[in-house]
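Feature list (source: TrEMBL):
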- 254: active site, proton acceptor (ACT_SITE)
- 24, 129, 164, 254, 257: glyoxylate binding site (BINDING)
- 77-79, 106, 127, 155, 230, 252, 285-289, 308-309: FMN binding site (BINDING)
- 1-359: domain 'FMN hydroxy acid dehydrogenase' (DOMAIN)
């Protein structure tokens, strides 16, 4: 069967992967309301396309933190990619590089920063969890810098792991032939079997629950890399992120895996964009499966988007070729959406190109 859209990879991944692995990638927290809403919310935003505009040439290129990329579609950090495919993060890194876009490597990758750097040139960001042992954090950041990573995406929504019931039922644990490569030899790369989710137990033991804004400041004292704060969904926190010196904000609810019943990221986006007041770029993470979703995020003020699950599902299905295809399909769909909306470049995408539930009616109804 020919794959014609990004969502089709999920069923293929489900058929191929062990249940424990598929469930780990696919599931959300508790009732999984936000998991569904991350997707559904996009369907409540409609287009106001402009016609009779010369769209024979369309430019999707943009810059992120000064780095030129081919399109505003980037790869979010997703953990333990070798559970999906033997080449794991290597394949993802090569696919991102081939597409001319950015890959974010997870702290909990099954390939190290050095290994990913060895795949060749490419713009890469490093996602960071702050461990209780700050020496571990400092060491990790230094290694990412040395390996040529260009920014730190600091995950701020995980003082504790969300309750992912599938992982509890499956007693999730990293398969024995894999390790969290960035922590090998540090005595903390091990995830033991537990009577809960092995990952939840690992997080409880290792990740610092006391993380606060002062630590964002501390991070800036140990690295010159720009820091993206990942996990902001309110205006209040957007303002604090700017004050704390963040170089950018990633609007994310952690793939709906942390606190259930938070809004879809596309619903939280505009609030965050308005609070940032153009002082830092704002990116959207969560629920993007179509080029139309990318356009909607940009119309609401995002500078770009990140995809997570589509990467691991396509990786499971077809390895590097699958990830390349996902990036290409999203690119093609986004280009078509721009053309049919009358936009020739990203700067031509405006708030007037969409209508949302919270917009005032444009024309007063006749009495």
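Using N, Cα and C of the backbone, Cβ positions are placed for all residues, glycine too.
Here the features listed in TrEMBL are placed on the structure.
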residue : record                       : CB count, 10 Å
24      : glyoxylate binding site      : 25
79      : FMN binding site             : 20
129     : glyoxylate binding site      : 22
164     : glyoxylate binding site      : 23
230     : FMN binding site             : 28
254     : active site, proton acceptor : 24
257     : glyoxylate binding site      : 23
285     : FMN binding site             : 27
287     : FMN binding site             : 28
309     : FMN binding site             : 23
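Here the domain 'FMN hydroxy acid dehydrogenase' (1-359) returns a mean pLDDT of 96 for the predicted model. Looking at the residues that bind glyoxylate per the record, 24, 129, 164, 254, 257, the two CA atoms farthest apart are separated by 19 Å. For residue 127 (FMN binding site), the nearest neighbour among the listed recorded positions (24, 164, 254, 257), judged by C-alpha distance, is 254. Residue 285 (FMN binding site) is 13 Å away from residue 257 (glyoxylate binding site) when you measure Cα to Cα. Considering only the binding-site residues 79, 129, 164, 309, no residue lies within 10 A of residue 254 (active site, proton acceptor) on a C-alpha to C-alpha basis. Between the alpha carbons (Cα) of residue 24 (glyoxylate binding site) and residue 285 (FMN binding site) lies a span of roughly 18 Å. A simple Cβ count within 10 Å picks out one of the binding-site residues 77, 127, 289 as the most packed, and that one is 77. When the alpha carbons of residue 230 (FMN binding site) and residue 164 (glyoxylate binding site) are compared, the span between them is 20 angstrom.
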